[in-house]
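Database features (TrEMBL):
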TRANSMEM  29-59  transmembrane segment
DOMAIN    29-516  domain 'Major facilitator superfamily (MFS) profile'
TRANSMEM  79-100  transmembrane segment
TRANSMEM  112-131  transmembrane segment
TRANSMEM  137-155  transmembrane segment
TRANSMEM  176-203  transmembrane segment
TRANSMEM  234-253  transmembrane segment
TRANSMEM  366-386  transmembrane segment
TRANSMEM  392-413  transmembrane segment
TRANSMEM  420-437  transmembrane segment
TRANSMEM  489-511  transmembrane segment
REGION    521-567  region 'Disordered'
COMPBIAS  556-567  compositional bias 'Polar residues'
Amino acid sequence: MAGAEAGGGNLAVLDALDSARTQMYHMKAIVIAGMGFFTDAYDLFCISTVSKLLGRLYYPYENMNYDKLKDSKPGTLPMSINNMVIGVALVGTLLGQLVFGYFGDKLGRKRVYGITLVLMAACAIASGLSFGSSARAVIGTLCFFRFWLGFGIGGDYPLSATIMSEYSNKKTRGAFIAAVFAMQGVGIIFAGLVSMIVSALLLHYNHAPSFWEAITNDPNHDPVASAQKPAADYMWRIVLMIGALPALATFYWRMKMPETARYTALIEGNAKQAASDMEKVMDVEIQAEQDKLARYKAANDYPLLSAEFARRHGMHLIGTATTWFLLDIAFYSQNLTQKDIFPAMKLTSAAKDVNALTEVFQISKAMFLVALLGTFPGYWVTVALIDKMGRYLIQLLGFFMMSVFMLIMGVMYENLKEHNHAIFALFYALTFFFANFGPNSTTFVLPAELFPTRVRSTCHAISAASGKAGAIVAAYGVQSLTLKGEVKYIRKALIILSITNMLGFFFTFLVPETMGRSLEEISGEDGNNAGTGPAAPAGGPGMGAADVSRDDKMPVSSTEWQSSMHA
């Protein structure tokens, strides 16, 4: 084994982590943490593929017009019910982020990490088993279990991000954290793919007339024949329950992961245990250096609610929280309302021209294609470039391009809808691409790097919960504009989202660059207080921003980054 000596005043175990070559252990950690995000995305977004089906099954007469039959439409969930079904998991996610983020700092990352998976798996299964014979009973129990599903999903955000950042070396830390988050893209793809496969299989064995054929052929104009019961009822339940499988598959390996060395050393004060844990999984021999912990403990002794934290990291937390909030208004609006926009792009048929399972199949297919061609590439371009371009530039670029494309779609919506379906679909896919090669990835990465170990999980949780507050705005606010598919309201929604993205662009200036530096340098835990302000250098006392940029090739803030580009 190669020995890892302390560099300067740094702890040897931290130096070993920062300088370690990429090993199989890193890859294993990415997969274990990433499968949680796969499950998160699948569970949150699969509901979009079946929410219209729920309307046909449980509210079949909601949009019937018996006096003017041609104006009738398939049943949809009433707006308040639709918002509840879509949004309740997001409310649970917000609360879960805050609760698990707090306990991740108080009890340790590992101790609460497995609880999130158990909760996610159990509630995914329970969601599919939602019981009762009336619409009120089924939807009520579905919302109950999806709330607790979201609670478990929420815990995965701060814990996975914090664990991956604390395991990583400083050269590839951004790519590793982004790779964990990129599994969200895979989860969205599978949400569409699984829904498409299940609906296609059931459709093959359960032929039925379209909604229009059903109401015109039935003497009482009853649309129930097009709902394809009980196959359609099995379909949505199967799709929701499949979300438990990836969580169950990785539970054992998640429980075998050791506590992060940074938490063990800096918070629990046990450098010997930290060194021992890392020696077991990394090909390196590490000195314990228990005597050096006092300096680190002293530099990391201030609580979250303190003037010292506000001085060092207050603006950072405002920056990460506001940008994530603004991003998620747009990102979740895109994902949750795409089923309403697909008909305008001619990716799906008019609802009255198809039966229930055909509609699910078409929505799932369109969602799968948009995710595969637009969403998925953006995540992995971020993984490839985040440690070359930096977080700051990628976030600015993403917000700006999303704003531009959404503004174009909003202003030109009617023209694109009627005459330029291909261009409409291209612009829509590009907004997904730049969301993920942009702020959807970087808002996840930055809070895992900026804050000290003692409050890292909590600060990531606050930032993520702010994002979920934005997602709730999308689910309860923006989605209400698109639910009926009316042109003027969809235009309004797109223009509103363009404005929120531009606000995110400007709030990004509160967030410093973190690329290429250790977590202790960034947070000031190494005892150097010079680098704690939004635009302060991290090179140490007496070393200016220009020196850091010139000598270390790494500007530490947005201001220095811009200066270095023009140097």
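Heads up, the Cβ atoms here are built off N, Cα and C, so glycines get one too.
Note that TrEMBL annotation is computational and uncurated.
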Among the ranges 29-59, 79-100, 176-203, 392-413, the one whose Cβ pairs under 8 Å to the transmembrane segment (112-131) are most numerous: 29-59
When counting Cβ pairs under 8 Å to the transmembrane segment (29-59), the leader among 137-155, 176-203, 234-253, 392-413, 420-437: 176-203
Touch test for the transmembrane segment (234-253) and the transmembrane segment (366-386), at least 3 Cβ pairs under 8 Å: no
Distant-in-sequence neighbours of the transmembrane segment (489-511), which means Cβ under 8 A and at least six residues beyond its ends: 315-316, 318-320, 322-323, 326-327, 329-330, 333-334, 337, 340-341, 344, 391-392, 395-396, 399-400, 402-404, 406-407, 409-411, 413-414, 439, 446, 450, 478, 481-482, 534, 558
Contact ranking winner - 137-155, 176-203, 366-386 against the transmembrane segment (420-437), Cβ under 8 Å: 366-386
Surrounding residues of the transmembrane segment (176-203) on its own chain - C-beta under 8 Å, 6+ positions past either end: 26, 29-30, 33-42, 45-46, 48-50, 160-161, 164-165, 167-168, 228, 231-232, 234-235, 238-239, 242, 335, 357-358, 360-361, 363-369, 371-372, 375-376, 378-380, 382-383, 386, 436, 441, 444-445, 448-449
Segment-level pLDDT (mean, integer) for the domain 'Major facilitator superfamily (MFS) profile' (29-516): 87
